[in-house]
Structures are given as C-alpha cells and as structure tokens.
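Residues or ranges marked as substrate binding site in Swiss-Prot: Met94, Tyr123, His162, Ser184, Arg185, Gly186, Asn225, Gly226, Met227, Arg228, Glu264, Tyr291. Annotation source Swiss-Prot lists Zn(2+) binding site at His268, His332, citing sequence analysis. Taken from Swiss-Prot, the feature [4Fe-4S] cluster binding site applies to Cys406, Cys409, Cys413, supported by sequence analysis.
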Amino acid sequence: MSIVEDARKGIITEEMKVVAAQEGVTEDFIRRGIASGQIVIPVSPYRKVKLCGIGGGLRTKVNCSVGTSTDIVDVDMEVEKVKAGERAGADTIMELSTGGDFVEIRRRCIEATTLSVGSVPLYQAFIEAARKDGAVIHMREDDLFRITEEQAKLGTNFMAIHTGVNRITLERLQRQGRHGGLCSRGGAFLTAWMLHNDKENPLYAEFDYLCEILKEHEVTLSTGNGMRAGAVHDATDRAQIQELIINAELGDRAHEMGIQVIVEGPGHVPLDQIETNVRLMKRMSGNKPFYMLGPIVTDIAPGYDDRVSAIGAAMSSMHGADFICYVTPAEHLALPNPEEVYEGVISSRIAAHVGDMIKLNKRDQDLAMGHARRDLDWEAQFNLAINPARARQIRNERASADADACTMCGDYCALKIANKVIKKLD
C-alpha cells in the first residue's frame, strides 16, 4: 500500500510524523495533504533518506541538480557537487547526467547523500540509443520503461517524466514558433523522436503502465516541463499551457492510482507573469505541489543567473510555489563546479525564505536578527545567518578595532551611538 493510500485510509505513517515535526504542523495536516494530493513526501523502499515534505502550508523547498555532460565526465566532481549542495542546505538532489556510465554515476551520487534524489529516466534511454544506434530517434519504447524501473530500484525518490509532450502539444508549438527555441533537453529528445517515427510519446500513450512502475517502487511523479520557455519572450505561450493542461489531467490520474505527484512549472518568466503562472498551475492541478524551475526573469545576465533566478524564485514562492530548482552562476555558460553549486543553493534558499516570509508569515528569524544587530550581538547574528561561515569569514577578514562595531562604520556605529543615547535617556 502506498503512502497516498495510507493517508486516504486515515493512517498516519512514520514519514508523516517526521515531516509534521519538521514543519511545526499537526500530523493530520500532513496526512490530509497527502490524501488530497496537495503535499508529497518523496520516499523509496530501497533507501532511507532525510525526509522532506513539499506542498501547501509547508516551507518552500530547494532542489540542487548535478550531473555530467558529454564534455565533462568527472564522477568525483559530481559527488563533490552533491556534497556541496547538501552542505549548502538543499532539500533534494537531482542527478541529470548525460555523459559517462549512467548507472555508476547515479549510484555514487545516491550513496553520497542522505537527501531524496530525483532523476529524468528518458535522458539515459535516449542517449543510450544514440550511443548504440547513432541517434536519439532510434530509442526503443521498452528501453524507456525498463530504465525507469531500473532507476527506481537504485533508490530514486522522484522522477521528472515528460508526460505532457504529445501530438497536440507539438502542433501548438509548430503553429506558433518561438523566439528562444526549445530549451528542455527532454522536450527536444521527445520532439525529434515523435516527428521522425510519426508516433505518440510513449510516456503519454502508455501512461497507465508508467504509473504501475512508479507505484510499485513508491516513486513520486514530477510531471516534466518539456515545453517550458527558454526565453522570457516565450513565457506563458500556447505550447506551455497546452502541456500544463495535459500534465494536470495526468497528475489527477496518477494520484487516483495512489501515486504522489508534483507539477513542474516554467523556467524563463518575466516578473509580471509569475503570479499568473503560479495561480494558473495551482488552479488547474488541484493545488498539487508546484515545482518552479528558477525562474529566470531576464535573459541578459549570464554569469549572474543565480541572482536572476533568486528574484524570480522569491516571487514564485510568495505566490504559492512549493519547490524551487536552483540555478548556478554557470547557467547558460558551462557545467557548474562545486563552488558554483554551493552558491546556487544559497541564492535559492534566500529566495525561498523571502517568499515564505510572505506566504507563511515566517518572520521570527528576521525579527531575531534585528534584535541581535540592535544589541551588537555578533555571535547571535552569525548563528541566525543563512550562511554563518560566510558571515563570520567576512567579519573576521576585516575586523574593526572596536569589537562591538564593524569596519563599515567603525567609531561612528549608528547602533552603538543610539544605544548609548537611549540608555542615558532611560
């Protein structure tokens, strides 16, 4: 029996108890959320993980993606990136390799973390076809489902599966065109395969069979966003919305079968369309957990896309997004290194917190920081910081002669002066 079926029968599982304690909500709140499809807890019968709940009424979670490319296959570096992401405070990891030995890389990454791990099975299926037969268009449908099951048995907790890329979606895309092209690797692979073979997407055509695999291995379905915009000028277009409609329908079907479901959202969205996207996706999916890929809010800042994404992620979280995929400074430029992974996670965690200050009224940490600064309590400030080591490092590198002040103001520290004046008035 799946965790969804347990929840429907009124059973509060150990996982629900753990997440309720983490989030400061009742155990029945979590149970009802899972039963209704508004909360998920990615689990696996094959490995124990640090549990996290994703969905309505819970803290916004951050995903850290790692993985090789065809140009850079360094398994040790990917393991370091996993560790860097976890050290920076990521809630989940996605392993998205496209180069090297897929099974070995995924196994190493899974073994390196206590966090829930996600994957995109079609990457391996299409790339193995290209290696064996010369092109992704030769991918065999049976291999796609076989690889999905193999990845589940490795202990994968959730999978991004591009169920909404079908003939109707492609027709919308072809009629309309795009300024920024098709940026989803999974969407591009499927588009090429479908057009060459004149066949429907097997993940859509055989959706019930896919769900049987996911349910058997208790894998959370994340409905992949193959038609997401790759440029802000393409945001919220017909192809994206068509895919959302299909994914929302299939998400309902999967949940009815006892599978936990996350709905993926777009990746390049201008600020004035973020609220629209979040509300539309929440409405159409029945308030299922919403996974925003960034989003990037302007296309002109390569090298700083972690900051660009943080702007979009904060607003997304504020309006109801539940899950944020981080973006690194290397986005659109290169495969990130461990340091860039760390920075990307920190940027996204800041954004998630900023959103939760509004969405969940979570402001206690900020209030405590205000008091610590007023009181010139540096140790408390470090402990309250989202990255204590970074805050401590900067202060120590440029320490003031006055232990209470910092080198920004030195002898003329406004807080110190004001505190003395107020004390005299008292």
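Keep in mind that glycine also has a Cβ here, set from the backbone N, Cα and C atoms.
Worth saying up front: this structure is predicted, and the values here are computed from it rather than measured.
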For the substrate site as recorded (Met94, Tyr123, His162, Ser184, Arg185, Gly186, Asn225, Gly226, Met227, Arg228, Glu264, Tyr291), determine the largest distance between any two Cα atoms, in Å, rounded to the nearest integer.
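Largest Cα to Cα distance for the substrate-binding set is 20 Å.
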Tell me the Cα distance separating Cys413 ([4Fe-4S] cluster binding site) from His162 (substrate binding site), rounded to the nearest angstrom.
56
Counting Cβ atoms within 10 Å across all protein chains shown, which of the binding-site residues Met94, Met227, Cys406, Cys409, Cys413 comes out on top?
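Of the binding-site residues Met94, Met227, Cys406, Cys409, Cys413, the most buried by Cβ count within 10 Å is Met227.
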Could you check which of the binding-site residues (Met94, Asn225, Met227, Glu264, His332) sits closest to Cys413 ([4Fe-4S] cluster binding site), going Cα to Cα?
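Closest by Cα distance to Cys413 ([4Fe-4S] cluster binding site) among the binding-site residues Met94, Asn225, Met227, Glu264, His332: His332.
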In whole Å, how far does the CA atom of Arg185 (substrate binding site) lie from that of Cys406 ([4Fe-4S] cluster binding site)?
48
Is Asn225 (substrate binding site) helix, strand or coil when read with DSSP?
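In the DSSP reduction, Asn225 (substrate binding site) maps to coil.
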What Cα-Cα separation, expressed in whole Å, is found between Glu264 (substrate binding site) and His332 (Zn(2+) binding site)?
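A Cα-Cα distance of 20 Å.
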For the recorded [4Fe-4S] cluster site formed by Cys406, Cys409, Cys413, name the remaining residues of the chain with Cβ within 8 Å of the site's Cβ center, in chain order.
Ser400, Asp402, Ala405, Thr407, Met408, Gly410, Tyr412, Ala414, Leu415, Lys416
Rounded to an integer, what is the Cα-Cα distance in Å between Asn225 (substrate binding site) and Cys409 ([4Fe-4S] cluster binding site)?
49
Per residue, counting other C-beta atoms within 10 angstroms of the C-beta, which of the binding-site residues Arg185, His268 reaches the highest number?
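Counting every other Cβ within 10 Å of each candidate, the maximum falls on His268.
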Could you check the binding-site residues His162, Asn225, Glu264, His332 and say which one's CB has the fewest neighbouring CB atoms inside 10 Å?
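Result for the binding-site residues His162, Asn225, Glu264, His332: minimum number of other Cβ atoms within 10 Å at His332.
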For His268 (Zn(2+) binding site), what is the secondary structure state per DSSP, taken as helix, strand or coil?
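DSSP assigns His268 (Zn(2+) binding site) to strand.
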Given His332 (Zn(2+) binding site) and Cys406 ([4Fe-4S] cluster binding site), what distance in Å do their CA atoms have, once rounded to a whole number?
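Their Cα atoms are separated by 38 Å.
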